[in-house]
Every structure is written in C-alpha cells, then in structure tokens.
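K.L.:
Heads up, here are the entries from TrEMBL:
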{"type": "DISULFID", "residues": "Cys34-Cys51", "note": "disulfide bond"}
{"type": "DISULFID", "residues": "Cys53-Cys62", "note": "disulfide bond"}
{"type": "DISULFID", "residues": "Cys151-Cys163", "note": "disulfide bond"}
{"type": "DISULFID", "residues": "Cys153-Cys170", "note": "disulfide bond"}
{"type": "DISULFID", "residues": "Cys172-Cys181", "note": "disulfide bond"}
{"type": "DISULFID", "residues": "Cys184-Cys198", "note": "disulfide bond"}
{"type": "DOMAIN", "residues": "32-87", "note": "domain 'Laminin EGF-like'"}
{"type": "DOMAIN", "residues": "151-200", "note": "domain 'Laminin EGF-like'"}
{"type": "DOMAIN", "residues": "219-292", "note": "domain 'NTR'"}
Amino acid sequence: LHTFGDENEDDSELARDSYFYAVSDLQVGGRCKCNGHASKCVKDREGNLVCECKHNTAGPECDRCKPFHYDRPWQRATAREANECVACHCNLHARRCRFNMELYKLSGRRSGGVCLNCRHNTAGRHCHYCKEGYYRDMTKSISHRRACKACDCHPVGAAGKTCNQTTGQCPCKDGVTGITCNRCAKGYQQSRSPIAPCIKIPVASPTSTYSSYEEPSDCESYCKASKGKMKITMKKYCKKDFAVQVHVLKGDKAGEWWKFTVNIISVYKQGGHRIRRGDQLLWVRAKAFAVV
C-alpha cells in the first residue's frame, strides 16, 4: 500500500487519489452444486467439472433420476434422508418406464412408476400378468421370460381366443370339451358345421322286431329288395330298418359305443331318415358285437 498522500494533510480529492494498491497470489475457491447426491466433482469429456452422482441420480448437478429409476420423484438429499431414486418394478419384462404422480399419491407416496412396452407376452403397470391370448405358467416365476403361455384355443371348437388367465381353459362351444376345446364331449359327435362342431348323438327309438321263427304277414309287399347281389337273407332284410353297403375306413371305441367312419357305397333300404352316399359316422353299441 503506497501512501503518497499521507504527507499532505489536505483532505482533498487529489490527496485521496494518491493511494495505490497491489495484489499478488490471488486464489479463488469454490465447490460443485450436487444437491446432496455427490461427494466430489470430476471432469467430463469436454473438461467441465460435473458431479459424480450417487443415489441413482444423473445430470451435471445430480438434478434428475437416471433412466428406469422413476418409481418415485426426484428430491434433494438432506442430512437425514438420501432420497435416492428407485428403479421401476417391471419383473424384468421392460426396459423403460415413466413416473405418474397420481398413482404415486394413491399409493401413499410409495410407488409411481409405470412400465412401458412390456415384453414376453406380459401386460400391466408392472408387467405382472399375461396379456390377452396367454395364461400364466404356474411352474415358473412371473419374472421368467416364459412365464406366459399361449392359449392355443381351437379355431372351431372354442368360442373365443381368450382363455382363463390362471388355468388356461378356453371358452368351449356347446358339446365341446378339452382345455383348448379340441374334442367333443361325452354323448356328442363331430359334425361338419363350424358353428356347432359337436352335436348330440341321436338316441335310436325302439322298433318292432320279429323272432327268427316269425315274419310280418306283409313282408313281401313291405320289403322289396333292390336288384343286385347281396349277402343277406330276405328274413333279415325285412327285419332291418336300414340296409346299406359300406366300406369301413376307421373304428374307435368310445365307452359303450363304437364310432365307425364309413363310406356308404350303396343304399338298399332306408327308414324315415334319408341316407346319403359318401363318408359318414356310424355309431354302434359295443354289446351288439357280443351278440353277433
């Protein structure tokens, strides 16, 4: 400090201007603003000082939550609470999420994250249930990538494509059964209709029969065999309501019945129901074979 003006007792402006100052080795200190989420600063790629963020925060000043940690809103850290950002709960089925303040308030300020673009056929806010057309595989955890299985409802037998989320049972049409509605129920037979694929098996009405020792008096007038060679006697021909020539394609036993898939070649005699040539289903009681 130079006091050239001290020799002059004059308090004039000229005397005051005679004071000169010199400054050397001046140091200026400072610190980063990190909102309580960092303990030190580091240089970024551009050479700027930025906070080394903790508590799942991000940004030059740790002023926001890092991606996928939006289950609660960002807050400054305090001496008592770190107020760290929390990851969204998506059961490993999503990579992105967003924050919803309304849901956060409804949860008692515990959780507000909403998962986006759930994968592996899951759905819901937390990707916690299977989407439409799929059901839960209870042998696997909900976080497993194959926790949801396709319903695979039969396109004809099922009334829709959506199945029970727990059991996987598809909604079946009348007379159809099976978890995927792929077969006819007991007492029903397959039809060719996509609307009613299974119909009830008709119950045969009792008809008058004759013993081997008697014949109807008007047999000759009632029973007139068609022309052609047939391995059947006139007596048996008259006693039957139907007489057809068939080629058996397939036979399956279903309880007390045998179901035959036959190709009707010729129709020699038919009752009240008209018989068409071609492939048909023929149901015969199993005990009828024991009699024969």
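Placed from the backbone N, Cα and C atoms, the Cβ positions cover glycine too.
Help me understand the surroundings of these features in the structure.
P.N.:
Non-local neighbourhood of Cys34 (disulfide bond): Cys41, Cys51, Cys53, Glu61, Cys62, each in the same chain, at least six residues away, with C-beta under 8 Å from its C-beta.
Taken residue by residue with DSSP, Cys62 (disulfide bond) is part of neither helix nor strand, so it is coil.
DSSP assigns Cys163 (disulfide bond) to coil in the three-state reduction, placing it in neither a helix nor a strand. Taking Cβ-Cβ distances under 8 Å and a sequence separation of 6 or more, the neighbours of Cys163 (disulfide bond) in its chain are Gly133, Tyr135, Cys151, Cys153, Gln169, Cys170, Pro171.
Within 10 Å of the C-beta of Cys170 (disulfide bond) there are 24 other C-beta atoms, taking all protein chains into account. Cys170 (disulfide bond) falls within neither a helix nor a strand when secondary structure is assigned with DSSP, and so counts as coil.
Neighbour list (Cys181 (disulfide bond), Cβ cut-off 8 Å, at least 6 residues apart, same chain): Cys153, His154, Gly157, Ala158, Ala159, Cys170, Pro171, Cys172, Lys173.
In sequence order, Gly157, Lys173, Asp174, Gly175, Val176, Cys184, Ala185, Tyr188, Gln189, Gln190, Ser191 are the residues of the chain that are 6 or more apart from Cys198 (disulfide bond) and have a CB within less than 8 Å of its CB.
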K.L.:
Out of Cys53, Cys153, which of the disulfide-bonded residues has the smallest number of neighbouring Cβ atoms within 10 Å?
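P.N.:
Each of the disulfide-bonded residues Cys53, Cys153 was scored; lowest Cβ tally within 10 Å is Cys53.
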